[in-house]
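A short write-up of the structure that comes next.
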């Protein structure tokens, strides 16, 4: 247990925004980039001279506000201000509702029509502990739909362009990456592998109330870890990983929450740290250190094929929207 508690009281970061490489010529996607940690990540990318940063989210108004905020921002931490110019053409917004599988293809196609490369995508958007009985547009439990099925479908459309850039000469080896948000909010998700396979929506009466809402969120986040490991297995050409998402349930938020800038450092490490490229499929903890998921999650991935099993479930639920 102490190993997990240390993730809530981590040591000071050893790397900060100033350690980012110059990102001229590179293109990025941040889902949920209009606020919180996603906004902090997008801001750092902007000042590191990214050629294009796409903010994907539900609200166009929030996206426009985020773009204006970033363009007029001071560089975070101790990094230098953007010097590459072209400020008005760097930040783009695309609508994305991960709870509605119907519109995800349209968002992906809009990106692919506009760009010929993608270097890193951060699957940062998600929902935490929605009200009891919440479901997606397709009728799936909302936490699983928004945090797992939606990102899985978006990744399906973007994997080919990531593979093309990773296999070509246009990007350094190990620099093309997919980053997923995970969690250690509660170290023990349901199920033998971190997924309750016969009730992945946790819809039975045993999962009612706040406890059930929390477990649905936790399970969806460990599902991201499992999918990241499976994606790394299927597509070793680009680096795939999960990083601890430092959002804390509101009941303990005042005691344990950290500034969003620090949370963004873990995501930036996931996107750019050289050591990460040597550990495809790895799991990062604050503030960007390589950690170890729960033993039963690891055992499920390594011994019981949980990655392929979850992949097949997701594929069966979203295939009508390919």
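In case you wondered, yes, glycine gets a Cβ from its N, Cα and C as well.
Keep in mind that TrEMBL annotations are predicted by a computer and have not been checked by a curator.
TrEMBL lists transmembrane segment at one of the ranges 27-48, 49-70, namely 27-48.
With a cut-off of 8 Å between Cβ atoms, the residues of this chain six or more beyond the transmembrane segment (27-48) that come close are 17, 20-21, 54-57, 59, 62-63, 65-66, 69-71, 73, 75-76, 79-82, 90-91, 93, 96, 98, 111, 115, 117-126, 151, 154, 158, 245-247, 260-261, 263-264, 267-268, 271.
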